[in-house]
Amino acid sequence: MDSSIASSAYVSAPKFRCFDPSNSSSPMSRTRNFSASSLASANPTGAMRASRSSTDFATEKDQLKIVPGVAGYVLEDVPHLTDYISDLSTYPNPLQDNPSYSVVKQYFVNVDDTVAQKIVVHKSSPRGTHFRRAGPRQKVYFETDDVHACIVTCGGLCPGLNTVIREIICGLNHMYGVKQVLGIEGGYRGFYARNTIPLTPKVVNDIHKRGGTILGTSRGGHDTSKIVDSIQDRGINQVYIIGGDGTQRGAAAIYEEIKRRGLKVAVAGIPKTIDNDIPVIDKSFGFDTAVEEAQRAINAAHVEAESVENGVGVVKLMGRYSGFIAMYATLASRDVDCCLIPESPFYLEGEGGLFEFMERRLKENGHMVIVIAEGAGQELLSESMRSMDKQDASGNKLLQDVGLWISQKIRDHFASKQRMVMNLKYIDPTYMIRAIPSNASDNVYCTLLAHSAIHGAMAGYTGFTVGPVNGRHAYIPFYRVIETQNKVVITDRMWARLLSSTNQPSFLSAQEIKEGKRSGDSTATLLDGDNGGDSEVYTEAQAEKEG
Ligand SMILES: Nc1ncnc2c1ncn2[C@@H]1O[C@H](COP(=O)(O)OP(=O)(O)O)[C@@H](O)[C@H]1O
Ligand SMILES: O=P(O)(O)OC[C@H]1O[C@](O)(COP(=O)(O)O)[C@@H](O)[C@@H]1O
Ligand SMILES: [Mg+2]
């Protein structure tokens, strides 16, 4: 982005106040719907994204709700039912009479509250993108007895799914008095191919102690029109959709179709991914639990490796395109000698390669542990094995088993070294990690996600995903969570911490490191501090970039 263009556009942008249709007492001006082309002149950041948009969410992106403000402030707002249905009645929020909540000072969120995407800025840099703050509003757009909600879970399992389900049902019931909640069984196809199950606080009372999802899940089977027919036929008016990037794409399509039909139905997405690959939000639920559980496998690998001569423990962890679980599990454990992730290509043979490092480490320590994310080294596997371009029912690439492959390669290598014994034990705990119940901190996080989604839907917001941005829950438009994937930035400080803790090779040539430092692209990702709380890097890189 050319910063001179950016600042002139920001400076000339008129001052808008946020319009929150649910807080009727506020003095405000209406948000404006910007088309993607008008956005190009109003907000260069958004325009840049618009040009990268995929056809999947082109329609939604044509109607971005962007509210510019002073000093480069931009609110990327979420849709509201009043955007396409006029004369909707509002009702006082029943929470104001709720004995538990009415004591809270300033319980309803302020009309102007938004959450900044970037919290480390320069004195002179634009304030940047903001999202609408999640939370209860003074006015709601649904009367308690009229709410007919449904919940669906899609994609792979993740610790915490049952907690989110439980808290949506209990939250709707306890905070808003809602009694009618239906469970959709078996993912998206359950809308049109299965019966629904009535869900009450009693039915879900202890489900948070179990792994998996009581509703079942699936990949594939997303038929927008059949799903919306089912929503319409059953009189459902709040749809809670729990799932990953694929699911949120499906949710965006459902929202678009509901809007096209002019239905008063709020669609709320709750992001789920054990891989932590959903962008914008701080972290996905179940991730902490997964990292914690991964420790048990790493410990086992370490014990096995330590007990024999030149023992090598190999642990495969989940992470299709993003190596967050592997990175955090390695950093937490301190028993790992080498962590291999999809974002950091590696090689086996020769100087600076994995085998050379292994020989050295075994000579020094007599044992070692390797953690490998399932998506790591896929390019090496396709070279040495017949490439299988197979996909799952949702269209995700089916990966070859890198854990088995690398274990065999290591065995072959040491077998060729006559004077070096090596004992390898391979542990694949992936599905065991995914299937456990969420830990205490994930349980609390799941509760907040569920509550934020409920408050948003009751307040008439729709077409949004909920999640924490810099620690504050926000409503994020679907397109922002599906346009990219969150990845480990290997030129960021967190990965450097890992390299320094394991002392493994970076597998980067001096030339690549130099180019990485210079490259605009890697600097741009670096600015986001994607690896978790490393945003101080932003200032240095930004300063260099802005010259
Ligand atoms: N582009 C898309 N449009 C509509 N639905 C999609 C899209 N991609 C995936 N889905 C649906 O979302 C559901 C879950 O997707 P999947 O990729 O398996 O898991 P996740 O949501 O965890 O990424 C599936 O039912 C799939 O059909
Ligand atoms: O065997 P399955 O169910 O397809 O799941 C495997 C995939 O699920 C994941 O755990 C998470 O993927 P999703 O977020 O798409 O559900 C990946 O890490 C893994 O590749
Ligand atoms: Mg996915």
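Cβ coordinates come from backbone N, Cα and C, glycine included.
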Can you pick which of Gly156, Gly160, Gly171, Gly177 TrEMBL lists for the same ATP site as Arg219, Gly220, Gly244, Asp245, Gly246, Thr247? Gly156
Identity of the substrate-site residue among Glu374, Glu379, Glu483 (reference: Thr273, Ile274, Asp275, Met318, Gly319, Arg320, Tyr431, Met432, Ile433, Arg434, source: TrEMBL): Glu374
Among Gly156, Gly220, Gly244, Gly246, Gly319, the binding-site residues in question, whose Cβ has the most other Cβ atoms within 10 Å in this structure? Gly319
Cβ within 8 Å of the ATP site centroid (Gly156, Arg219, Gly220, Gly244, Asp245, Gly246, Thr247 excluded): which residues? Cys154, Gly155, Gly243, Gly250, Ser394, Asn396
With an 8 Å cut-off on Cβ-Cβ distance and a minimum sequence separation of at least 6, pull the same-chain contacts of Met432 (substrate binding site), or say none. Glu293, Ala297
Three-class DSSP assignment, Arg219 (ATP binding site), comes back as coil
Of the binding-site residues listed (Asp245, Asp275, Glu374), the greatest number of other CB atoms within 10 A surrounds the CB of Asp275
Residues Thr273, Ile274, Asp275, Met318, Gly319, Arg320, Glu374, Tyr431, Met432, Ile433, Arg434 [recorded substrate binders]: greatest CA to CA distance in Å: 16
